[in-house]
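The structure appears below as structure tokens.
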Amino acid sequence: MESKVLLLLALSVWLQSLTVSRGGLVAADRITRGKDFRDIESKFALRTPEDTAEDTCHLIPGVTESVANCHFNHSSKTFVVIHGWTVTGMYESWVPKLVAALYKREPDSNVIVVDWLSRAQQHYPVSAGYTKLVGQDVAKFMNWMADEFNYPLGNVHLLGYSLGAHAAGIAGSLTNKKVNRITGLDPAGPNFEYAEAPSRLSPDDADFVDVLHTFTRGSPGRSIGIQKPVGHVDIYPNGGTFQPGCNIGEALRVIAERGLGDVDQLVKCSHERSVHLFIDSLLNEENPSKAYRCNSKEAFEKGLCLSCRKNRCNNMGYEINKVRAKRSSKMYLKTRSQMPYKVFHYQVKIHFSGTESNTYTNQAFEISLYGTVAESENIPFTLPEVSTNKTYSFLLYTEVDIGELLMLKLKWISDSYFSWSNWWSSPGFDIGKIRVKAGETQKKVIFCSREKMSYLQKGKSPVIFVKCHDKSLNRKSG
């Protein structure tokens, strides 16, 4: 008799554990139309514009009342934010910032934050493996919303950071219909660089997949962010390696000022920059940063890729043009070290002339640009080689919009060490014209010396060039 009582008591406790979960809601209600949602561990918080930092209301798959209780807007688009690996087991500070920026740009939208913190706090390889289960959770949730409420998945935009980008990709591959867009914010590299498409973010996971790569420094498979292109458009700001303001010198300065408590922030500075670049695109919609298609970052650094013909340039971030090429498009741009991140790109071409054949390596120069709106002075650049009667192309950028170019100054910087030959006779070149192309406006300008030729000497005064007045030159420059 006593054993039967104990058995009934144990059975009662077991049934109670099945039927009570998540704020007292009954788990049995999560069996809807023959589908069991009780295996979903991820939580889906619909945050509000008034409280972007707290998960105050959860949408629970299988519990239809939760959708009404959270005031889900069925007629608006939905953003689903998926965080990455975490050391602390808490949301990182960028999450409420992204939520706030999304609501500021799309006030009537739904912004859902996926909580998989318990799985994301494990050792990295374990958390990386969990992205498959998290992706399955998100897919089940989205399919339920589509089936139960006829909510169109074409209104869904998934945004995943680091490991969350791959979870977003897996989710997109498992939904009954494709979601509209997935944005990968520096998708994680380790365990995914050589993974097959079904196990990571890929172009097939949504109608359009765009990716920002901001921390790809290191050998493939060991860099924090994935190196290879995994979307329809893959953008590599500042080459995709280190980001401005995230260098070692900055790290030492911050440690000296704030102590070692911020070391983890510095380690992920470039990684997390992907999120802040996207936030910038939401808040500064009238001035989107422009990226340019290029075969390599080396060619981009030479200024050879500032063309916008045939979709060769695109906006970075929220206002990207959804161009779906057969092959993934790798694009590059420069940015500032802080918001707003937009800069203005220029290709500069200089022909160095002379009667004597000379070659100099690793030469430092400064150029100053003057326009109708502002000027940008003493912009440093280095040419790996300068030889007589050769033309060199390189990339410059300014942090301010200087308007239409009117004039420029060019200076050849003297060596930091003393040289008897330079003291006795400074080397120099004749320069007749300098060609400049503005990436943002696509305008080309040819600058001429005030004389027929200007003699540029190392360590001497800068040489001034003004816009050429020859109409035929202007026609050729486009």
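Counting begins at 1 with the first residue displayed.
Using N, Cα and C of the backbone, Cβ positions are placed for all residues, glycine too.
According to Swiss-Prot:
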ACT_SITE  SER162  active site, nucleophile
CARBOHYD  ASN73  N-linked glycosylation site
CARBOHYD  ASN389  N-linked glycosylation site
REGION    35-56  region 'Interaction with GPIHBP1'
REGION    246-269  region 'Essential for determining substrate specificity'
REGION    420-424  region 'Important for interaction with lipoprotein particles'
REGION    446-470  region 'Interaction with GPIHBP1'
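Overlay of Swiss-Prot feature records on the structure.
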residue: ASN73; record: N-linked glycosylation site; Cβ within 10 Å: 12
residue: SER162; record: active site, nucleophile; Cβ within 10 Å: 32
residue: ASN389; record: N-linked glycosylation site; Cβ within 10 Å: 13
| note | In the region 'Interaction with GPIHBP1' (446-470), averaged pLDDT is 89
| query | What residues in the same chain, six or more past the boundaries of the region 'Interaction with GPIHBP1' (446-470), come closer than 8 Å to it by Cβ-Cβ distance? | reply | 353, 363, 366, 368, 405-415, 422, 426-436, 476-477
| said: Given a Cβ distance threshold of under 8 angstroms, which distant residues of the chain, six or more beyond its ends, lie next to the region 'Interaction with GPIHBP1' (35-56)? | reply: 18, 21-22, 27, 62, 70-72, 80, 95-97, 99-100, 103-104, 107, 110-116, 118-119, 133-134, 137-138, 140-141, 144
| Per DSSP, three-state class assigned to ASN389 (N-linked glycosylation site) | coil
| field | Helix, strand and coil counts within the region 'Interaction with GPIHBP1' (446-470) (DSSP) | value | 0 helix, 14 strand, 11 coil
| message | Cα-Cα, whole number of Å: the residue listed as 'active site, nucleophile' versus ASN73 (N-linked glycosylation site)? | response | 28
| remark: Quick note, ASN389 (N-linked glycosylation site) and ASN73 (N-linked glycosylation site): C-alpha atoms separated, nearest Å, by 66
| said: Using DSSP and collapsing to three states, where does SER162 (active site, nucleophile) fall: helix, strand or coil? | reply: coil
| message | Please list the DSSP helix, strand and coil residue counts for the region 'Interaction with GPIHBP1' (35-56). | response | 0 helix, 7 strand, 15 coil
